[in-house]
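According to TrEMBL:
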- B:20-39: transmembrane segment (TRANSMEM)
- B:45-64: transmembrane segment (TRANSMEM)
- B:94-112: transmembrane segment (TRANSMEM)
- B:124-142: transmembrane segment (TRANSMEM)
- B:Thr160: FMN phosphoryl threonine (MOD_RES)
- B:183-207: transmembrane segment (TRANSMEM)
- B:214-233: transmembrane segment (TRANSMEM)
- B:239-259: transmembrane segment (TRANSMEM)
- B:296-314: transmembrane segment (TRANSMEM)
Amino acid sequence: MGMLTFKRFRGGVHPPEKKLTSSEPIKVAPLPDKVIVYMQQHAGAPAKPVVEEGQQVKTGQLVGEAQGPISAYVHSPVTGKVIAVTKVSSSVHGTMVEAVVIERTGEDQWELLPKIDFERATKEELIDHVRLAGIVGLGGAMFPTHVKLNPPKPVDTLILNGAECEPYLTIDHRIMLEKADEIILGVEIVKKILNVKKVYIGIETNKRDAIELLTKKWKSSVEVVPLPTRYPMGAEKQLIKFITGREVPSGGLPADVGVLVQNVGTVLAIKEAVIDRKPLVERGMTLTGEGVKKRGNWWIRIGAPISWVIEELGGGFVDGYEEIKVLMGGPMTGIPISSLDTPVLKGNNGITVIPEQKRNSTNCIRCSYCVQVCPMNLQPYLLDLLARKKKYDDAAEIGLLDCIECGSCSYICPANVEHVKSIKLAKKVYRSLRGGKR
Amino acid sequence: MKLLTSPAPHIRTADSTADVMLDVLIALSPAVAAATYFFGLQAFILSIAGMISAELIEFFIMRVLRKDKNFVPNGSAAVTGLLLALNVSVATPWWVLLIGVLFAIAIVKHAFGGLGQNIFNPALAARIFLLVSFPTAMTTWYPPIGKFFGTYADIQTTATPLAVLKLEGFNSAMQKFTYTDLLFGNIGGCIGETSALLLIIGFLYLVLRGRIKIVIPATYLGTVFAISSIMYLVNPEKFGTPLFHLLAGGMMLGALFMATDMVTSPMTLKGQAIFGVGCGLITMLIRYFGGYPEGVSLSILLMNAFVPIIDRYTQPKIFGRRKS
Ligand code: SF4
Ligand code: SF4
């Protein structure tokens, strides 16, 4: 890394990239026979079901209504019949969530969003349209996009996140290669909403072809910034710092430094909502890992059960494993699911099936590796210690809430200390003790 | 198919505590080889005995006293045992070494909570303990006789270079030892204090493997060099040359392998610098003005005590926060 890189991106790790599917074009998955549509596929309040058991629904029809300002609409991903409106136990949320279960009865009959003339629409009309489309951050955070597009402070810079720094995942890479013309339309829409002049896209140098293609296609409208291939380069704060040199303040938002970051897939969804009038019922997803027979990139309907994804699209698990890990997301931050009934969610950029790696753990040997790699400049070993001793206030003082849960510390730790696990738990407890502030 | 749900991240480096310890042992092996070459088989036996006894004692403590049925030896005790062996004279009786190892593992390491929890470097603390308990055995030095099966019963004892400097002055020290002797290890002293060169080679291996908090030896040796340069200008005959101080005694072993002990050294870069400078200062104070010719062990132990405070007050600015 050069001197500039060192100043603009600190720490991080370089796990094996394992981009097994980077040359697989995105294929359209067959329609699942049954979908399980969670009412909570976004940060904020769960949506409320607006359909009843037995009701016929069309693809794109509203099935869940947003509740409150930070929430999102949910639409039917198939044409069929509602067979249940029920609570299911979600291994992703760790609690019971409400879900609308729909049995597909045939091919798609679309119920499209209302018409909107992108050239003439006002900023407010466009944001409202994004809200109606139920779009959330597709990079994994699932924050409602219409809220994000209305930042509390004016922004002057839009950054498209094409870093895809998680190992294994390749969907953003493929989307950039295959949908460059569509994404740029989405960029125009977002630019109009935010009234920003400067647009960047950050792409890790392990995706040379995408860097070259977008530089050629988009010319000067978007500045393509090659990023060092180093995890977690695609984390929002790290990306902003690297590209603009601005540092999002602790506890603050990108808007505090005049920046808004959007994942490339989200921008594509915005284009599809505004131009093609399609609500968010389908997304791109990588099915990958050593544990599944066929790997690839797919356009897949939200709500498809993961059991179906693995059987239909993946050809089943690779033989010979008795236990395996099925991750919603990539190997660094993905959530291990405990039931294959779990459906694909809006923020689900990948399903990674990998065998468990043996973890020989000992006490912390104070090697300081975790301190060296933490991109937030924290003391992970100490956060872990204080968290396990339940000294939450002390932990908060040294940056508990600044941790972005990237996992670099636990990845590098020779003693296999589970920093991320204890930090996540401590954050939860600390927040509830503090009455939900911050 | 059973679905596993252990926490993220789901991939880890294959690295383990045992790998770290193995690297340290590998890095110390040139020094053991040098000791065997200069002091004979006895040096090798003491080194191996130190490692094995330390691992056995730790195994007993973990499995029997702490009732940890899953305990698997990780090599950290062996590192302590070897470092202690390298810190005694070749004439040390085996049972004295054993008492030292017991003290290091049972008291300094496990009474403080075990692996990673001890404040003081176990090998150094045990060395001081032995020095107090067995002053004669611990300060009787022999010249390297270069005979593999040699015994030391009829060999004339010798003084260490630092002791000669302290008692007779620099000229006398240089008549007895050349810089080449110091570099290659042809001197009396602890088993591991023979060849500065081979210690450096082992150290470079650790650097290559990323196993070392490199700021510590840099600042430690840098401080020693700076201070001894100034004092050399003041009075060369009394204080000796900088090179002499860098090569003589336990300097290299201490700065490269003892001060850098992961468990007992600071975590932040700034903290490591403070630690290294502190070690250098105290070492030279003891060497120049103390009642004892060597100050490496004591200075590192003293700085060990400050590590918690150093770690606390040298935390770097967190991303997105203002400098406080
Ligand atoms: S990486 Fe692991 S062993 Fe090393 S200091 Fe951090 S927590 Fe301790
Ligand atoms: S402490 Fe948090 S931010 Fe730092 S490396 Fe660990 S998970 Fe990442």
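Each Cβ is built from the backbone N, Cα and C atoms, and glycine gets one as well.
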Notebook entry, point to check: Counting only pairs 6 or more apart in sequence, are there at least 3 Cβ pairs under 8 Å between the transmembrane segment (B:239-259) and the transmembrane segment (B:94-112)?
Noted result: no
Notebook entry, point to check: Under an 8 Å Cβ to Cβ limit, what residues of the same chain, 6 or more beyond the ends of the transmembrane segment (B:20-39), are close to it?
Noted result: 47, 51, 74-76, 78-79, 82-83, 86, 90, 142, 144-146, 148, 185-186, 191-192, 194-195, 198-199, 201-203, 205-206, 209, 211, 253, 257, 262
Check: Cβ under 8 Å to the transmembrane segment (B:124-142), counting only same-chain residues 6 or more beyond its ends: which ones?
Finding: 39, 83-84, 87-93, 96, 99-101, 103-104, 108, 152, 155, 157-160, 188-189, 258, 297-298, 300-301, 304
Next item on the list: Run through the Cβ atoms and count how many others sit within 10 Å of the one on the residue listed as 'FMN phosphoryl threonine'.
Entry: 23
